[in-house]
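Q: Let me give you the structure first, and then I'll get to my questions.
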Amino acid sequence: MASVQLQNVTKAWGEVVVSKDINLDIHEGEFVVFVGPSGCGKSTLLRMIAGLETITSGDLFIGEKRMNDTPPAERGVGMVFQSYALYPHLSVAENMSFGLKLAGAKKEVINQRVNQVAEVLQLAHLLDRKPKALSGGQRQRVAIGRTLVAEPSVFLLDEPLSNLDAALRVQMRIEISRLHKRLGRTMIYVTHDQVEAMTLADKIVVLDAGRVAQVGKPLELYHYPADRFVAGFIGSPKMNFLPVKVTATAIDQVQVELPMPNRQQVWLPVESRDVQVGANMSLGIRPEHLLPSDIADVILEGEVQVVEQLGNETQIYIQIPSIRQNLVYRQNDVVLVEEGATFAIGLPPERCHLFREDGTACRRLHKEPGV
């Protein structure tokens, strides 16, 4: 195991900056997930750690050693790519041992490591098969095994589940999580799927346009996003946003006016520092935190546009006339409502988020469980 530290790391191609002033501390044995939309620089960041991309400026440390100019083979890292990249003419055992043979490892060492890793990954009964005889999940396990036999200090995974169907992705997520718990290796995992990030990570790094938007534990990012980008990216369906105007402030409270015909006002338990009366801000509320109207004091009303019945839950898209946008309401039950009907939902102030015009969040003061 080894720690990974990035200090003011920047990557640029000419005048195009794809990673800017990245500062990260990844501890020994941590499972860290880089997540963000396409083009945010997450794979580039992983490739700089691996040594497949040069660092324009800043420093990279693996363990206590500066690695900027160290060749990839000498960094003690192993990498799994989105593509399995297996040799079709070689067996599972031969694919897994290929790197060790190139490195000149002794035959008994190779056999011992391959057999140990095959047991961990449940591949022992498949060692003599060729890749064409394997399922997609089995091929991905072989690709992971090929990296594991090299015994890297840091394990890098670049969107390893993207080529799998939904059921296999769930299965492989569970297997990767178990593998990390069993081996205790430092793992850095890249994905655009925030569900993978939330379920796998000890710590999530959210990237936006080449910068670190927020670093934290999954529930910290879910309940206390640092800005509107993180709030909208983490969570599915995404957070609802409403334009509001500040009408008053007090210690640890901000009063805002909702965009409804009755101009209803509500006090939100958020940090009021630097918030000015009259400022235009955004109120955020997650679909699952909206309430049935009969148990709430603050009511929003609109017309039902779409109803999605998922069996265990219902998602209702409601158009609020005064702002001409849809809110998503999610309830863990069957809700029978017709499209076109008028539907009222409740807004709990303690579950609301408030964002300034520049997108930064006013710190929520409501204590959430598990954080």
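Placed from the backbone N, Cα and C atoms, the Cβ positions cover glycine too.
From a predicted model like this one, the values you see are computed outputs, not experimental measurements.
Annotations per Swiss-Prot:
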BINDING   Gly36, Pro37, Ser38, Gly39, Cys40, Gly41, Lys42, Ser43  ATP binding site
DOMAIN    4-234  domain 'ABC transporter'
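Help me see these features in their spatial surroundings.
A: DSSP assigns Cys40 (ATP binding site) to coil, not to a helix or a strand. The number of other Cβ atoms within 10 Å of the Cβ belonging to Cys40 (ATP binding site), over all protein chains shown, comes to 22.
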Q: Quick one: which residues besides Gly36, Pro37, Ser38, Gly39, Cys40, Gly41, Lys42, Ser43 have a Cβ within 8 Å of the ATP site's Cβ centroid, in sequence order?
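A: My list of surrounding residues reads His192, Leu207.
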Q: Note the mean pLDDT of the domain 'ABC transporter' (4-234), expressed as a whole number.
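A: Mean pLDDT, the domain 'ABC transporter' (4-234): 93.
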